[in-house]
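Enquirer: As annotated in TrEMBL:
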- CYS319, CYS321, CYS324, HIS350: Zn(2+) binding site (BINDING)
- 12-380: domain 'tRNA-guanine(15) transglycosylase-like' (DOMAIN)
Amino acid sequence: MKFAVKAWSSGKARAGVLQLGSCPGPIETPSLLLSTRKGLPHFIPPDLLYSLPSPDSHLFHVSSLHFLEGLSPQTISKIGGLHQMLGLPEHGFVCIPRDSIQCLPECNSSNKFGASFETPCGRRLIKPVEYVELISSLRPNIWTTLADEVPTWVSEKRNKTSVDRTIRWLDECIALNPAGGPVFGSIVGGCSVKERERCAQEAARRNLSGYWIGGFGLGESMDERPALLNAVTDILQEEKPRLITGLGLPEEILQGVAAGIDVFDSTYLCHLSLGGFALTFPLDGVEMNTSDNIGSDQTKINLRATVYRKDISPIVENCNCYTCKNHTKAYINHLLNVHEMLAQTLLEIHNTHHYIGFFRSVREAIKSGNFEQFRQKFVEGKCYHVAAEAAAACM
């Protein structure tokens, strides 16, 4: 794995290049980490993966805890790890225990021996040695160390304990790492700036390939987040990549980019597709008409709405994704109403394509030195639209 920062905008926002041996080309950052279930996207079949923009769509987020049931670690290792088992030799896999959909941290059951998670096969306590055994069998391109993530409402004592455990497990995972591959150190600390700084300082002292900033999306507010993010990124080495989970909304992505984060997970797209929503906010070269967007907040539309029953236009005009080139809003509305899984497949293809375009626009804004203007325009546009809707509802 190689990483280099290529451009800075005003503040900490930065654009870089991440190179993984298995990917067909370098992946530009800030970039999207596609959410998966056992290594494959939730709804997109393997034969349609290649319709997504390359190489931006070749970075997959895998939770190793998904493999606690089914094939044993020994069998997966004999097959050749994730790349061979899934038949995706040109994709990059990043293993993180938490996936924000099925494998959620359960802080009340974690103890000094391991971290507790709610998994598809029940609540499980994962010890560092068990975790590293799973990692060694999966053979991902990048993996993060085990962490004790806690929500914002825990006590100061519990928060401090979570940092102590995460630092101890960091050393244990590094010592148990059999292949010496790229390891990202975990950084937690809840809503305490002091504990975030302490954890970041300890991680920065270790010989790591990068950093995973955990514990976000667990109760902190948008107003609290900048101070917590900046407390961490101010300490970390600039030449190493930073990865984060728990930030999904476009305005949250922009908040993370402003703090110097490079890679973001994408469970937001899975939730959108499950709910029947399609992203529609404007990108370069793509125009959007919001005058009849029922259930819209200027970023997405609800294709379950009856207004789309006879709408024979694509989700977004001039969008080059497989869904928009081949299908209409009316067809997807029909699929949703008859509970066909193809609706989620088509929505996830479009939403992934659209969000990758959003990240491309973010990178271009950074390279041109206009990131803060780009961010302000995006946030103000959404706030204006929401305020206008609220005013109309009161009339």
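Counting starts with 1 at the first residue shown.
Including glycine, each Cβ sits where the backbone N, Cα and C put it.
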Enquirer: Please list, in sequence order, every residue of the chain apart from CYS319, CYS321, CYS324, HIS350 whose Cβ lies within 8 Å of the Cβ centroid of the Zn(2+) site.
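Expert: Counting only non-site residues, the set is PRO314, ILE315, VAL316, ASN320, TYR322, THR323, LYS325, ILE349, HIS353, HIS354.
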Enquirer: Please report the number of other Cβ atoms within 10 Å of the Cβ of CYS319 (Zn(2+) binding site).
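Expert: Cβ-Cβ neighbours of CYS319 (Zn(2+) binding site) within 10 Å number 22.
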Enquirer: In sequence order, what residues of the same chain, 6+ apart, have a Cβ less than 8 Å from the Cβ of CYS324 (Zn(2+) binding site)?
Expert: PRO314, ILE315, VAL316, HIS350
Enquirer: To which of the binding-site residues CYS321, HIS350 does the lowest count of other Cβ atoms within 10 Å belong?
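Expert: Result for the binding-site residues CYS321, HIS350: minimum number of other Cβ atoms within 10 Å at CYS321.
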